[in-house]
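*Asks:* Encoded as structure tokens, here's the structure I'll be asking about.
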Amino acid sequence: MNQSLGVLRLTRGVIALALASVASGCSSTGADRTAATPAAANPAATEPVKWECPAGYEVKEGLNVDFPHKGMKRAFIVYPAKNVSGPAPVWVPMTGSVESTNDNLTVARSGANSILADHGYTVIAPVRACANQDPNIRGERCNGPGSNGWNWNPWFEGRAADPSGEHWKNDEGPDSSFFVAMVQCVGTKYKLDARRLFLGGISSGGTMTNRALLFRSNFWAGGLPISGEWYVTSDDGTPLSFDDARAAVAAAPTKIHQGRVGPYPLPAKVGPLIVMTVWGGEKDLWNCTRPDGSRFLCADYRPSTQAGSNFFSAQPDVVHVACSSTHGHMWPQLNTQEFNRWALDTLASHPKGSDPRSFKLTQPPEGYTCHVGPFTGLY
């Protein structure tokens, strides 16, 4: 779960009290990746990727630890693509607050994203900094409010609502830059398709996806934010309470809302990208726990995902797909592996630099409703 405004500190593990709301959607494509016909490309719109590692670092299959980045030692897991002769598309999946990195990679209800390596994707899974390089750490260490100017603990994904967050208004933070460095290093050992670099995640991982795309749209080809936050603010960047953020989006559901998920102000232009936003339906909510053990609603993923879809859909070089289902605040539960492959195949059908006008959305798996553009009908 992600939180938006932290005026009062409570616990679930520990939790920041108020949130800017969220609403998102889910997207994918039924076409087989190898059979997909890429859209007309504009390679000039992309920047070349430099495959390089920190001095002396060597990548291996499986868990990689002690990766030096911005004064920290980070970890990531590599599942090389199978049955691919040329450069493979890349999938960088992220867990949220409660489940571990290995859950997200191997447990069915958490996405089991490692299976995508069997379908031709090189899967590179970053381990959260809060987990101290241990991919088995769950919410006992990572679920709760952030520190040092960050709103939420699992990922460095949104600036705090108090003055400490000011530092991150136009600084991407150590996770967004780590993901880029990680992929660049993996590319020294495995052939990677520089025009098909994708990332995505659930909850805080979805929020982190939004942040990475907003700060690094020159690197990523696209992303899959599932129930991610936008941390909606007022137009001048002033943080809003949970209730005020919900009300702001409800009052103007088609507006481009500023948010603490990205730089302030939001970029005038991003892309080229393909972004698929997933909203888990009416049950895509999160309850936090007060110190006395009582529960209260602290996250609603309708308004934040609406806000994210509005921004990306308004960008001329971005294809945005809005998808909805009924699984609530979880990794998509209906036909999970079919959804995962369909979503990644949809992303891969639109390599970086492709003409958005050439994009064709295919039928999603049963249980999902998707369309090109922002969410409609949520308000």
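Backbone N, Cα and C atoms are what each Cβ position is placed from, and that goes for glycine too.
The signal peptide annotation in Swiss-Prot covers 1-23. Annotated active site, charge relay system per Swiss-Prot: Ser203, Ser309, in sequence order, evidence recorded as similarity to another entry.
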*Asks:* Cα distance, Ser309 (active site, charge relay system) to Ser203 (active site, charge relay system), nearest Å?
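*Replies:* Ser309 (active site, charge relay system) has its Cα 15 Å from the Cα of Ser203 (active site, charge relay system).
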*Asks:* Within 10 Å of the Cβ of Ser203 (active site, charge relay system), how many other Cβ atoms can be counted across all chains shown?
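*Replies:* The answer is 33 other Cβ atoms.
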*Asks:* Taking the Cβ of Ser309 (active site, charge relay system) as centre, how many other Cβ atoms lie within 10 Å?
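*Replies:* The answer is 28 other Cβ atoms.
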